[in-house]
Amino acid sequence: MPPALPPTELYASERIVVLASCVLSFLGSSLLVCTHALWPELRTRPRQLLLYLSLADLLSALSYFYGVLQDFDSTSWDCVLQGALSTFSNTSSFFWTMAIALYLHVTIVRGSPTGTGLLCCFHVVSWGVPLGITVAAVALKKIGYDASNVSVGWCWVNLDAEDRVLWMLLTGKVWEILAYVTLPVLYILIKKHINRAHAALSEYRPILSRAPAFQPRTSIADKKLILIPVIFIILRIWSTVRFILTLCNSPAVQNSVLVVLHGIGNTFQGGANCIMFVLCTRVVRARLFSSICCCHYDSLRWPLQRSSSSQQHPEPCKNTDVPDSAQTRPLLSST
């Protein structure tokens, strides 16, 4: 490998943008976890997989935030700790993203039932493999200061390691590149299957015109989960570009635009998932806004209750846009 490039200088504006991305990703991942914990109706298998991806993104956002905030200039104990946490969470995020795509392929294309066995395999691979790689990297002292040429202030693979390219591949890049190949293939197969199913259904619509509305096997949640690989590639590609430029010893790796895109791409996965699966999902959005409105209504009602104890107790807050619990359950289970 050619001699390492000089360290990439991070400007205050770049750090502020990446730190903001970390905060938004943390908030987005936290909101996804809270919706799963508070509303049992949302605990479908697709959203359960999304929960595990959100947990990985949550830890990733925290570790990256600390790294960007510190902007390390040498290997230290907190640099190694931060690098280990980000390596584990980042690699785990790769595996959970591929696990979601595989789940969609098995359930939608092959139509095979999925039990706890498949979920256990996902856990073993998506948590176990990243943990094993991270422990080995720390034990062999491969995690440390990397001059921000393949990161944005945080620590990753030690710049002084002779086999640093090998460990850059093992601790992230090989799984990232594998995801670039695997996810589009699975995504294309899923879309082709859905299109064929819609085309076959259209031939029988005149016959079924008086029948109840056809409920496709593919739920709305499954369709939206397909977008996760697309978002993954759009966000992660900038990290791969800087990695390749570093291997080529190109000074373009220090381009400010690339640095900012790399920082946002590595840290904003949780925020992007929140936008799509909370804010852009009608039923979840309605439940969230209804809860906020009820909390605000209760806070305004409390002083009135204390000033007039004899006043009749007002009715609980209701949102006419949100169905009752009996009607909501099938909708929530499909989104």
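Placement of Cβ uses the backbone N, Cα and C atoms for every residue, glycine included.
As recorded in TrEMBL:
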| type | residues | note |
| --- | --- | --- |
| DOMAIN | 14-281 | domain 'G-protein coupled receptors family 2 profile 2' |
| TRANSMEM | 16-38 | transmembrane segment |
| TRANSMEM | 50-69 | transmembrane segment |
| TRANSMEM | 81-104 | transmembrane segment |
| TRANSMEM | 116-140 | transmembrane segment |
| TRANSMEM | 166-190 | transmembrane segment |
| TRANSMEM | 225-245 | transmembrane segment |
| TRANSMEM | 257-280 | transmembrane segment |
| REGION | 309-335 | region 'Disordered' |
| COMPBIAS | 325-335 | compositional bias 'Polar residues' |
Field: Contacting positions for the transmembrane segment (166-190) when only residues 6+ beyond its ends and CB under 8 Å are counted
entry: 87, 90-91, 94-95, 97-98, 101-102, 104-105, 108-109, 133-134, 137, 142-143, 150, 156-157, 226, 229-230, 232-233, 236-237, 239-240, 243
Message: Within the domain 'G-protein coupled receptors family 2 profile 2' (14-281), what mean pLDDT does the predicted structure show?
response: 86
